[in-house]
Amino acid sequence: MTEGVDFHQTQTQRTGESDGLRTIQRQSSRDTSHQAETRVRDSVVRSAETPPEQEESANCDSEQQEDQDGENSLPEGSGYPAGGKEDVHSQNAAPDGGWGWVVLVATILVLALTLPFPSCIGIFYTDLQTEFSASNTETSWVPAIMTAVLHAGGPLCSVLVERFGCRATVILGGILSGLGMVASSVAQTLVHLYIFAGVITGLGFCLAFQPSVTMMGYYFVRRRAFANALSSTGTALGLSTLPLLANFLLSRFGWRGSFLILGGALLNCCVCGAVMRPLGSSSKGRTGAKQSEIPLDKTNSLSIRREREGLKGRLRTTLSGLMAFLRRHLAFDLIRTHVRFCVFALGVTWMMLGFVVPLIYLVPYATAHGMTQDRAALLMSILGLVNISVRPVAALVFGLPRFQGSRRFIYVFAAALLVNGLSNCICGVAASFSILLVYVVIFGLSMSMIGSLLFTVLMDTVEMSRFPAALGLLSVMESIMLLLGPPLAGTLVDTTGQYKYVFYACSASVSSAGVFLMCSFYWLDSRRECENKIASSPGEVRSLKPVIKLAVDCEYTQVPLEAREALDSEAGAVSDV
């Protein structure tokens, strides 16, 4: 009987506790909603009373505070980590697998369709010269503009990624690249090719390529080196298949029909972009909801007040917005404050002057020495096959635990640049198929290492939060050299009448870039180690005054007192008398 009463009392206590918890939860929800309404009402009142000069900064501060409050209180099933939106793309949020493998496959396909495509223009090089009666310099502007825009469109790509996300930007890039090649198939002059194939298609490549790499960097953190090396096989896949496909289409449909079909193939970038699911939903909806809660009369009064601002305030706002845009999307501050990024950017930019040119001029060089078009295209495919076989191995090696978190990738990258540059000298020996086969094997091995480590070194050099902006700035710097490289090579061919001098010039450019990076980073690492040793070693106790050893004749035997001096003087006077 006593046990039954105790059980009944226990059940009653538990029921009371549960009712109390429900009451507390209802009260906390009412308090939360009341606080939200009070915060919105206060923000409206403050915005109405704030002077025009301080209005913009106050709105920005309030929005940032509300974003932090809202994100920190997100439920567990909202798709955001506990730290809020800032941690969505952090190491804790990156799955290092799961849907990331789908994103990795999509990135491989995007890289296969975009990065190696300008090299395929070499297959159509002779036909374009014959069609438009153009020189080597004039024809080389087509792949030069395409490659330069591919890299120079980084700032615009960053803006679109921030505004619409990686998925929509990749889809837009696929549409632009496909339409550009389709329009190039009906070009009547080289200027049309400059616009359609160079600018439009190149911009589409940029919008598809850079967001794919950025999205993959968000999905992989612990296995980032492995993912980057594996995704770089997409470039090798394109190098091995696109030349053969282009040569086949050229023999069947001519260069115009080939451009039309290739334009349709580039639309597959839209499919790849569709599967690039973001890690978390965008916060733009919450921002729009907060703005819609402001009454219409208050909004109208604020807009009228903005219209009454003077020209000076508008110019100041425009300039501040422009500077904020440059800091966000071009990361110019890294050049002033980040020495390692500055050195890496200079080395890679100088390397790009001669890195892509051999891929464009290999087929014309081989055909100019009597090789058939099919065997010349086969050399490009062998180059791609070497990349395909080496890059997965590099991905496995660089993905080992002993390499994770290593900062020594830069030295492997610089050594690969040195080998790649020196391999171009092989083309000056002879133009036979066997010699060029040795050349493409060595060039492909070094190219595989460069492609596997380029983004990994950049991600290790800067923070992941600054990677899109750093990549955009690096792409703009690269585009200058990529725009100048092929036309300068064409001018060299028109002047000398021989292609081998082009490969010699490329050898000097790429090799010097490798030596520069290796020596510069070795000096930076040595200086860092010295600074760390000085900072970690305990400070030595130093005497305020150094100990001076005097000669025997200069040492005091007695303390010179005034009384002693007087006695000595009196004794001297007596002796004189």
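For all residues, glycine too, the Cβ spot is worked out from N, Cα and C.
The compositional bias 'Basic and acidic residues' feature in TrEMBL is assigned to 28-44.
Among the features that TrEMBL reports, compositional bias 'Acidic residues' is placed at 52-70.
Taken from TrEMBL, the feature domain 'Major facilitator superfamily (MFS) profile' covers 102-528.
Look at TrEMBL and you will find 1-92 tagged as region 'Disordered'.
Long-range contacts of the transmembrane segment (99-125) within its own chain (CB-CB distance under 8 A, at least 6 residues past either end) are made by residues 139, 142-143, 146-147, 150, 170, 177, 197, 201, 205, 208-209, 212-213, 215-216, 219-220, 227, 230-235, 237-239, 241-243, 246-247, 250, 255, 258, 262, 265-266, 268-269, 272-273, 275-277, 356, 359-364, 373, 377, 380, 384. Among the features that TrEMBL reports, transmembrane segment is placed at 99-125 (among others).
Below 8 angstroms of C-beta separation, residues 114-115, 117-119, 121-122, 128, 168-169, 172, 190, 193-194, 197-199, 201-203, 205-207, 209-211, 214, 325, 328-330, 356, 360, 468-469, 471-476, 478-480, 482-487, 489-490 of the same chain, each at least six residues beyond the ends of the transmembrane segment (140-161), sit close to that stretch. Summarising the annotation, TrEMBL assigns transmembrane segment to 140-161 (among others).
Under the heading transmembrane segment, TrEMBL lists 168-187 (among others).
As annotated by TrEMBL, transmembrane segment applies to 193-213 (among others).
Marked as transmembrane segment by TrEMBL: 225-246 (among others). Residues of the same chain lying 6 or more positions beyond the ends of the transmembrane segment (225-246) and with a Cβ under 8 Å from any Cβ of it are 100, 104, 107-117, 119-120, 123-124, 213, 216-217, 219, 258, 262, 359, 363, 377-378, 380-388, 390-392, 394-396, 398-399, 403-404, 409, 448, 451-456, 459.
Per TrEMBL, the feature transmembrane segment maps to 258-276 (among others).
The feature transmembrane segment is assigned by TrEMBL to 341-364 (among others). Sequence-distant contacts of the transmembrane segment (341-364) (same chain, at least 6 residues past either end, Cβ-Cβ under 8 Å): 116, 118-119, 121-123, 125-126, 140, 143, 147, 239, 243, 334-335, 373, 376-377, 379-380, 383, 410, 414, 417, 420-421, 424, 427, 436, 440, 443, 450, 454, 457-458, 461-462, 470, 473-474, 477-478, 480-482, 484-486, 489, 493, 499, 502-503, 505-510, 512-514, 516-517, 520-521, 524.
Within the chain, the transmembrane segment (376-398) has long-range Cβ neighbours (under 8 A, six or more residues past its boundaries) at 116, 119, 122-123, 225-230, 232-233, 235-244, 246-247, 359, 362-363, 366-367, 409, 433, 436-437, 440-441, 443-445, 447-449, 451-453, 456. Positions annotated as transmembrane segment by TrEMBL: 376-398 (among others).
According to TrEMBL, the transmembrane segment annotation covers 410-431 (among others). Proximity of distant same-chain residues to the transmembrane segment (410-431), defined by a Cβ-Cβ separation under 8 Å and at least 6 residues beyond the stretch ends, is recorded for 344, 347, 351, 354-355, 358, 365-366, 368-371, 438-439, 442-443, 445-447, 449-450, 453-454, 457, 460-461, 499-500, 503-504, 506-515, 517-518, 521-522.
What TrEMBL lists as transmembrane segment is 437-458 (among others).
Taken from TrEMBL, the feature transmembrane segment covers 470-489 (among others).
Sequence-distant neighbours of the transmembrane segment (501-524) (same chain, 6+ residues past either end, Cβ-Cβ under 8 Å): 339-340, 343-344, 346-348, 350-351, 353-355, 357-358, 361, 365, 410-411, 413-425, 427-428, 488-489, 492-493. Marked as transmembrane segment by TrEMBL: 501-524 (among others).
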Give the nonlocal contacts of the transmembrane segment (168-187) in its own chain as ranges (CB under 8 Å, at least six residues past its ends).
110, 113-114, 157, 160-161, 193, 196-197, 199-209, 211-212, 256-257, 259-260, 262-264, 266-274, 276
Given the model, what does the mean pLDDT over the domain 'Major facilitator superfamily (MFS) profile' (102-528) come out as?
83
